[in-house]
Every structure is written in C-alpha cells, then in structure tokens.
Amino acid sequence: MKRVRGFVTGSILALLTVGALTLSGCTIERSGHAQEEEGNSAASGTEETTELAAPAVSVEDDATDVDPSEPVVVKSLGDGLEKVTMLNEQGYEVEADYSDDRRSWTTSEVLGYNRTYTLTATDRNGETSTTVFSTAQPAATTTVALSPLADSVVGVGQTIAFRFGTPIADRHAAEEAITVTTSPEVEGGFYWLNNSELRWRPAEYWEPGTEVTVEADIYGTDLGDGVWGASDNATNFTIGDRVEAVVDDNTKTMEVYHNGTLLRTIPVSLGRDTDEWATPNGIYIIGDRNPSMIMDSTTFGLGYDQGGYRTPVDFATQMSYSGIYVHAAPWSAAEQGYSNVSHGCINVTTEAAQWFQNTVKRGDIVTVKNTVGSTLSGYDGLGDWNIPWSVWKDGNADETSAW
C-alpha cells in the first residue's frame, strides 16, 4: 500500500533543542526583568537552532521498500536550500523542482523499483544532510488495460473495464488506486468479474452527455502476493445518445429506439427453443462491430460432425462474450419473424444487420425477453447489468474466484 512519510531532521537540531529545553527546565521564579532576559535567550536559542539545522528529508536514512510512486521532498530548516542532488546507483540524477523561495525541493519524476538512491541536501547555512534509501523490490509487476478507449463516445449501458495482466490478490488495494470522476456526479461502484478483471458501473444507465474520466494509479501499489503495479493508466469518454433495442420472442421482433423514439421494428429468428440453444434473456451490452467475420461452432463446443459449422457472416454486432451476435443470416430469412432456428444468435436480413450495425455503438443496450432460455450471466463480460445493483453496490473485494 502507498505510505505517507513524515520529515526526518538532522541530529544537530535534536541536540540543540534538547539543550534549550534543559536550560529552561533549570529556571525558577525570577523578577520580570530576568524573565524578559530569559525570553530573549530562548528566542535566540530557537533562532540558532534553525540556523544550524540541516535540511529535513521525507525519507529516513537507510530506509528500504520505499514506495517509488511517492515524491521525495526536502525542506530547509535554515536559510533556504543551496543545492540538492539525488542520484541512483548508476549515477542518474533524478529530476526535481525547487520552490520559488528555495525552501523546499520535490522530485518531479517517479522513482524506479529496486533502486538505491543517495540524496545530498545542503542548506545556505552550510549544513548538509545525506540520505541513502532503496525502493521496493516486487517479485512481479502487472499492467492494467482500460476500456472504453480514450476520447470515445459510448452508450448509456457502458461499464468501465480494468483488465489486469495477472490475478490480483489484494482487490481492495486495486480499487483504492482507481479514481472515477463523472460530470454530473453519479452513484457507482466496483465489482470483480474474475480475479483479474474489475468493473465499475453506475447504479442506473448513464445520462447522455455525461463526461467520465478514469485514473488507475497502480504504479507503486502493492497488489498482494508480491505483485506491484507496473505503470499507471487513464482514459476518458463521453456518453452519447440513448440507443437501445428490445428483442421479444413472443413477437419474434427487435424494436430499436433512439432517445425513446422507435426507429424500426425488425423481424428476427432467435436461438432454437431448447435448453441448449435458446437465446438467454436479460440485458446485453453492445461490444465489437464486425463488418464480416467467421463464425465457428467449435469455439463453443459444437463439432462439425455434430451439425456444427464454420460460416462467414456479414455485419456481426457483438452482444456477449459467449458468442451471441446480431448478424446477417440470409439463409433464415423465411423463418425471421416466425420461428427460432439459430444456435443463439439474433438472425436478421443482410440489410437489417447493416442498418443495425450503423445505428448502434459500443455500450448501447439490447434487452432480450420471453425466450425459453435462462438469463445471460452477469459475469459474461457484456452482461454486467444482470447483476442487481443491490448486489453490485456491496462489491466483492473480499472474495476470490476460481478463475
């Protein structure tokens, strides 16, 4: 975890201060004139103490496992800083800035892991302090990828994804290193989909026009089990118009809305009405939009000798990580609007598939209802909204998953 350090002052200051306290401690009642002289003497002692003090450093001499993400600060206790240098073991001088009055000096670049630094600070009063310390030596480091991409415009259902390069043992530390800022402010919270993927979402769908900034300051953070953050990451995005689709198996249609206005009703054919192939009900988040792709049934366990397929399709718009798409299916045009013949995807005509892909964006919402299937898992990757807010808001940082 990141630590806040105090300042360490030189031994000269400590000795002189003790001396001043001892002197005043030996004093008994005196006349007013004598007390005035004593006061002048104490003031003189304080001034002398300050003038002879070496600079104070925010890191202790011989300290180890110092957090490299925390700036090192030197403060003058005398007349101002004459010169401060901080070198690593290879002689590289760390970049830093003096305050305008030269009474403080602060590093302006992050330090490295597993480094030894020597800091020499000289005050204008001639006093010098030397501090040698080493930074943390993690057994391993990890990065974090963020989604959505910077400067993107996304739908009202978009959640924020944090994908770590390795499983995270200290989930609380990871969450505490992340800041989500929204304008206007919204209620939101974290939830882990697995040991390496964290999500953040608002309690309700975003309002169009909301501006979101995300900062994952994991560098210098102990994430547990010897893993530390390798580098910080950040992103920002804007919520666009509210575009949502409602797929109803009772009517075999998909209604597409823009800011509450119905744009189009499209006949569909869903997953076959069996426990195995029925399209799951629930809320889906639009993901990738592929102008063309190969759909291979072996990716979800259906072999070619079991009636499987490897088929090129056009205008495939992703709805789930488990492989459900809205896509062109000219082979099922006769069934669209009447019966379910797919392996779970939403079949539409080529023209409708192209129109749909051009209408929606990442983060838009598709709601599927009235199928004989179950509900899309909230852990799917695009099913976050199927975890009730009453569960999501409590988080699961105290838990670990098997995957």
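Keep in mind that glycine also has a Cβ here, set from the backbone N, Cα and C atoms.
Over in TrEMBL, the protein carries these features:
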ACT_SITE  HIS327  active site, proton donor/acceptor
ACT_SITE  CYS345  active site, nucleophile
DOMAIN    243-369  domain 'L,D-TPase catalytic'
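Using DSSP to sort the residues of the domain 'L,D-TPase catalytic' (243-369) gives these counts of helix, strand and coil: 20 helix, 56 strand, 51 coil.
Counting every protein chain shown, the Cβ of CYS345 (active site, nucleophile) has 24 other Cβ atoms within 10 Å. Mean model confidence for the domain 'L,D-TPase catalytic' (243-369) is a pLDDT of 94.
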